[in-house]
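Trainee: Below you will find the structure I want to go over with you.
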Amino acid sequence: MMPSSTRKGGLKDPELTNLFFKDDPEEVFCDLHEIGHGSFGAVYFARNSYSNEVVAIKKMSYNGKQTTEKWQDIIKEVKFLEQLRHPNTIEYKGCYLKDNTAWLVMEYCLGSFAKHRMTLFDTFFFFFFFFFFVEIAAITHGALLGLAYLHSHNMIHRDVKAGNILLTESGQVKLADFGSASIASPANSFVGTPYWMAPEVILAMDEGQYEGKVDVWSLGITCIELAERKPPLFNMNAMSALYHIAQNDSPSLQSNEWSDAFRSFVDYCLLKIPQDRPSSAELLRHEFVRRERPTRVLIDLIQRTKDAVRELDNLQYRKMKKILYQEKHNGPMGESQEEEEVVSYTLVSVLPAVACGYMLYTTDHQYIPDDVPHRDHRSDLRPSSSERAQAHNYKNRERFATIKSASLVTRQIHEHEQENELREQMSGYKRMRRQHQKQLIALENKLKAEMDEHRLKLQKELETHANNAFIELEKLAKKHAIQTDKEMKTLGADEKKFQQQIMAQQKKELTNFLDNQKKQYKLCKEKIKEEMSEDHSTPKKEKQERLSKHKENIQHSQAEEEAQLLGQQRAFYDRNCRAFKRKIMVKRHEFEQEQLREELNKKKTQKEMEHAMLIRQDESTQELEHRQLKTLQKLRMDLIRLQHQTELENQIEYNNRRERELHRKHVLELRQQPKNLKAMELQIKKQFQDTCKVQTKQYKALRHHQLEVTPKSEHKMVLKALKDEQTRKLAILAEQYEQSINEMMASQALRLDEAQEAECQALRQQLQQEMELLNAYQSKIKIQTEAQHEREQQKLEQKVSLRRAHLEQKIEEELASLQKERTDRIKHLLDRQEREIDAFDMESLRMGFNNLCALDYPKDDYR
């Protein structure tokens, strides 16, 4: 979310409103003096108009190219600074917005010693302005306390170097410049300053994340920077240095004069494997920082640096004043004379001020650091003034104090303008690496989302299949239930029909039997009547009794036959109904078996369809995985080719720039050569004049002596001889003078040509070595990437094979389980049906029915 306008405090996002003050910073702050410059912009000394408090303001513009990215960086840094509450981190005061520029207000510090000591060394090339062992230990200890605080809150600084370690006037060490910091740990962004970057930061895009131990590495490089005035590989192109750091062994202190504790501390910080590297909290227990040291060590360092800076500013002032004075009265000053006077003044005024700090440890504290290399020229130096008072409260003072000279501030501004191309190149490279990382992450997220969508689709497909299978089984179960109900009703109706058929048949048989009995009874009755009618001897009454008795016998016989028939019919009915029930049970069993087979076959078909679907899904997943891996690897290789192409272009630009700089230097030397030759010619001329003066004096003395010992008549001859001898010697001296001038000019020209040619040759060789080194590292990176791709391909193949094997094993197990279920259910059904038949047959036997399965049904059976 960008600011909606240049109006102060104008923000679209209400969540960002609390991050910025709505006041006009130009009204709140006054007396702005530029005291530093960097890639972000400029840093100013300022004073609060209302509270009179002295502050430092970092102005960061978010206008122009990469506006959104710059604005996000500002928001991130402000949010980061708001969370800091520690004595060894810079104190945040607030942030203002004005004309597309953020005014980041912090506590004022004197500055860092990174560039100041190099400037002093470059200015006074004959005097080595170095840090003492105790001073490095004190600065490192303060920085470690700040880093331990950050790391305990899962924060990473990611740009630790001497230039970002500041000192207050009271000697407090402060970590500053959190523009590259990360609120989250671990992180994986390519940020920081190349020469101080840890290997895992450089390789973060290729090999994953890193954590707070990257600051420990940068602190180790910073210790080397403080001890040797520059970090390792500083003379190398930044691109080549990045590969060198990532691929080669860790650097170490070059001089053997430092103590074992200091060397051990640096080596401990620069362990290549992050897991082996100590944390900031562990380093606080190291002997190097725990060793007892004077309490005023940093205050004295600040004081002697301020003295040296003050003398340097006075030197520049007096130099310009003298030039203006001489131009006004006597014309321009000769350059050689001017340089000679500058050097002599520097010896007189600056060295005692700096040496005073050294004597503070040898006299006041009676402590001589064992890590300071021995230099005899220091032992004779004595302080020119008494020890300075301790730093006082400077919040309400009218002018600002700093350990930067005016010339250094001006030089930094000039260097910032000159190095803009190199800085833009490095910023573009970092931006490209971050963009590549974002592209890879975006592609990985896209592929992950695609894979998740694919798996969700497959999961839904499986769920749909499972739901359909469940619905089909439910439908089949309902169908079976309906068929069973229908079959049971049909069997019940058949049984009832069968019973009715037997009863009808038996009723018909009974009717016919009764009719036959009636006929027989009638015939018997008529026959008896005929017999009795023929017998006239038997009385009528007796005949009536015989007839009644005969009727009773016939009726009794017929009743017994009827009862017998009814019993037979009842037995036949019960037996056939029982047999029919058994037949119905068998048919019901067969129906149940048929339904079970249908259900099991349905399940088998569904399972086979599910397995075919799983195999098809696995093949589609495998195809998608291979396609995604190929897409990711193609993008990675394209990005690496683009990165390598950019690095080669940057290296070529760097080589051309170095050659142009050397050419400009040689042109300047050629322009300066006539002045130098003229000065040397004047020196030879002066020597010749002195020789001539000596010879003239000798000639005069010889002439006076010869005239005294020679008769007056011979004076004219003696004078002529002496004059000729003087003329001859002067001619010889003139010839020697001309020869010396010519030899000097030829020698200087040859020496300059040889020196320039040697410099060109050395530069070409160095640049060629850097180019070869860059090509070798790029080839190594390409080979490693190809090997990584091969490993990824093999890993995917193993993953696919293992997944397919698990799928096939799952299919086999499910088929075996299904077959077992089929066998168990069929066996369970048959066992149950067998028990039912046995129970039915046992009941039939108890009822007196035997061999019902072999019963023959009537021919007019309903079947």
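Yeah, the Cβs are placed from backbone N, Cα and C, and that goes for glycine too.
Reproduced below are the annotations present in TrEMBL:
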type     : residues : note
DOMAIN   : 29-289   : domain 'Protein kinase'
BINDING  : K59      : ATP binding site
TRANSMEM : 124-150  : transmembrane segment
REGION   : 371-395  : region 'Disordered'
COMPBIAS : 371-381  : compositional bias 'Basic and acidic residues'
COILED   : 419-464  : coiled coil
REGION   : 530-558  : region 'Disordered'
COMPBIAS : 530-554  : compositional bias 'Basic and acidic residues'
COILED   : 586-617  : coiled coil
COILED   : 723-780  : coiled coil
Trainee: Restricting to the same chain and to residues at least six past its boundaries, which positions have a Cβ under 8 Å from a Cβ of the region 'Disordered' (530-558)?
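Mentor: Hits for the region 'Disordered' (530-558): 517, 520-521, 524.
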Trainee: Count up the helix, strand and coil residues in the compositional bias 'Basic and acidic residues' (530-554) according to DSSP, in that order.
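Mentor: So the counts come to 20 helix, 0 strand, 5 coil.
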Trainee: As a test of reading the model: what is the averaged pLDDT for the coiled coil (723-780)?
Mentor: 80
Trainee: Sort out the residues at least 6 away from either end of the coiled coil (586-617), same chain, that have Cβ-Cβ distances under 8 Å to it, and list them.
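Mentor: Counting only partners 6 or more residues beyond its ends, the coiled coil (586-617) has Cβ contacts under 8 Å with 458, 461-462, 465-466, 469, 472-473, 476-477, 480, 483-484, 487-488, 491, 807, 810-811, 814-815, 818, 821-822, 825-826, 829-830, 833, 836-837.
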Trainee: Relative to the Cβ position of K59 (ATP binding site), how many further Cβ atoms are located within 10 Å?
Mentor: 18
